[in-house]
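Trainee: As listed in Swiss-Prot for this protein:
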SIGNAL    1-15  signal peptide
CARBOHYD  Asn76  N-linked glycosylation site
BINDING   His167, Asp185, Asp251  Zn(2+) 1 binding site
REGION    169-188  region 'Disordered'
BINDING   Asp185, Glu224, His324  Zn(2+) 2 binding site
CARBOHYD  Asn186  N-linked glycosylation site
CARBOHYD  Asn269  N-linked glycosylation site
DISULFID  Cys291-Cys295  disulfide bond
Amino acid sequence: MKVLAALALSALAMAKPTPPMPGMSLVQTGPQETRWVTAKEKHDMVMNHIGFFDITNRPETASIASKPKSYAFPGNVSHQAEVKPLLEKISADHIKANLEKFSSYPNRYYDAQSGVESAQWVMEQAQAVVGNIQGAKVEMVKHDWMQPSIRAIIPGKSEKIVAVGAHQDSINGNNPQGEAPGADDNGSGSMTILEALTALVSDQKIAGGEAANTLEFHWYAGEEEGLLGSQDIFQQYSQEGKEVVAMLNQDMTGYGETMGVITDNSDPNLTKFTKMILDTYTSAKYSDSECGYACSDHASANKAGFPSAFVYEAVVGQDNPAIHSPDDTIEKLDPAKMAEHAKLVVGFAYELAFATL
């Protein structure tokens, strides 16, 4: 039956629909809602903060919405003695320094050379962090557009995956290849998870492959154009039968006072666990919030059948108003806020790395 299902999916994938006009994209804005849009209409959706999957190259996924597998996530933290020393290694100044470099590219657009160069820089930083760990690797994930996604893998005793992700691309909503420093959206999340990775691999058990589960850190390409990179990765994982037991998304981490714990298109059990991590390992205030359909990359994991959670910089509506413009600069951000998000990532990743799931 699995073979027949795979063949059916392959047949659907080959039978890609023809756009009404050249250059149009097929977008999905709800579980059963798809339509063709022009490039201008698509960028208007970006500017109006309308979430969507671009499924032009994956039309078969329009009707695929796998219910995430249910896991019994821990009800208590078990590794405070190991995690708290790692939190002391998180440096707001280091996050800021990395973000100054990352937001210095003219833009990080998914289909521009500067987006390729910024991805290469991320890969170099990740390689410097995990390069001496036996069995660990950092790799480019190539797509049908210029910018690759970047993936760092720190193996554990099993092939079950605990994933942390952030999109690396930026966009100018009025002119996609125009100036887009993207300091908050999403340089902040990208550098937050890089800092967390740096702290995590300083732990001898993590670096020694003693964790029960494998850790993966992802920097996605093409989020702004319809969650493109994360769709590719998680749909491929689903097709290959990989088991992602948890995914935490970090998209915008540098603005506002009260974090927003996103409760739609996410896994309620994993979200409950994430709140416990916030309470234990950070000093952050947070409130529940909703961001709508396909608002960020956790939705790609959720759609592919993997439990996901998303902690945002603020309650939706109280977030950074300068995104998708040349004004999304580092001066508007709080490095200490990003450091709190990094603490969340470290606690989340460490506790689940050693959890029996």
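Every residue gets a Cβ built from N, Cα and C, even glycine.
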Trainee: Hey, for the Zn(2+) 1 site built from His167, Asp185, Asp251, who else sits with CB inside 8 A of the CB center?
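Mentor: Everything else in range on the chain: Ala166, Asp169, Gly182, Asn186, Gly189, Ser190, Glu223, Glu224, Met252, Ser296, Asp297.
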Trainee: Recorded positions Asn76, His167, Asp251, Asn269, Cys291, Cys295: which have a Cα within 10 Å of His324 (Zn(2+) 2 binding site)?
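Mentor: For His324 (Zn(2+) 2 binding site), the recorded positions whose Cα atoms are within 10 Å come to none.
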Trainee: Look up Cys295 (disulfide bond) in the DSSP assignment and reduce it to helix, strand or coil.
Mentor: coil
Trainee: Radius 10 Å, atoms counted are CB only; among the binding-site residues His167, His324, which position scores highest?
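Mentor: Ranked by Cβ atoms within 10 Å, first place goes to His167.
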Trainee: DSSP secondary structure for Asp185 (Zn(2+) 1 binding site), reduced to helix/strand/coil, please.
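Mentor: It is helical.
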Trainee: For the recorded Zn(2+) 2 site formed by Asp185, Glu224, His324, name the remaining residues of the chain with Cβ within 8 Å of the site's Cβ center, in chain order.
Mentor: Val46, Ser170, Ile171, Gly173, Ala180, Gly182, Asn186, Ile323, Asp328
Trainee: What whole-number Å value do you get for the CA-CA distance of Asn76 (N-linked glycosylation site) and Asn269 (N-linked glycosylation site)?
Mentor: 13
Trainee: According to DSSP, which kind of secondary structure is Asp251 (Zn(2+) 1 binding site) found in, if we only use helix, strand and coil?
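Mentor: Asp251 (Zn(2+) 1 binding site) sits in coil per DSSP, no helix or strand.
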Trainee: Return the residue, from the listed glycosylation sites Asn76, Asn186, Asn269, with the maximum count of other C-beta atoms within 10 angstroms of its C-beta.
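Mentor: For the glycosylation sites Asn76, Asn186, Asn269, the Cβ with the most other Cβ atoms within 10 Å is Asn186.
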Trainee: Within 10 angstroms of the C-beta of Cys291 (disulfide bond), what count of other C-beta atoms is obtained when all protein chains are considered?
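Mentor: The answer is 23 other Cβ atoms.
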Trainee: In whole Å, note down how far the CA of His167 (Zn(2+) 1 binding site) lies from the CA of Asn269 (N-linked glycosylation site).
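Mentor: Given the Cα positions, Asn269 (N-linked glycosylation site) is 24 Å from His167 (Zn(2+) 1 binding site).
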Trainee: Could you find out if DSSP has His167 (Zn(2+) 1 binding site) as helix, strand or coil?
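Mentor: In the DSSP reduction, His167 (Zn(2+) 1 binding site) maps to strand.
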Trainee: List the same-chain residues at least 6 positions away in sequence whose Cβ sits under 8 Å from the Cβ of Asp251 (Zn(2+) 1 binding site), in sequence order, or say none.
Mentor: Ala166, His167, Asp185, Asn186, Gly189, Glu223, Ser296, Asp297, Phe310, Tyr312
Trainee: Using CB atoms and a 10 A radius, I'd like the single residue among the binding-site residues Asp185, Glu224 with the highest neighbour count.
Mentor: Asp185
Trainee: Just counting, how many other CB atoms are there within 10 A of the CB of Cys295 (disulfide bond)?
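Mentor: Excluding its own Cβ, Cys295 (disulfide bond) sees 22 Cβ atoms within 10 Å.
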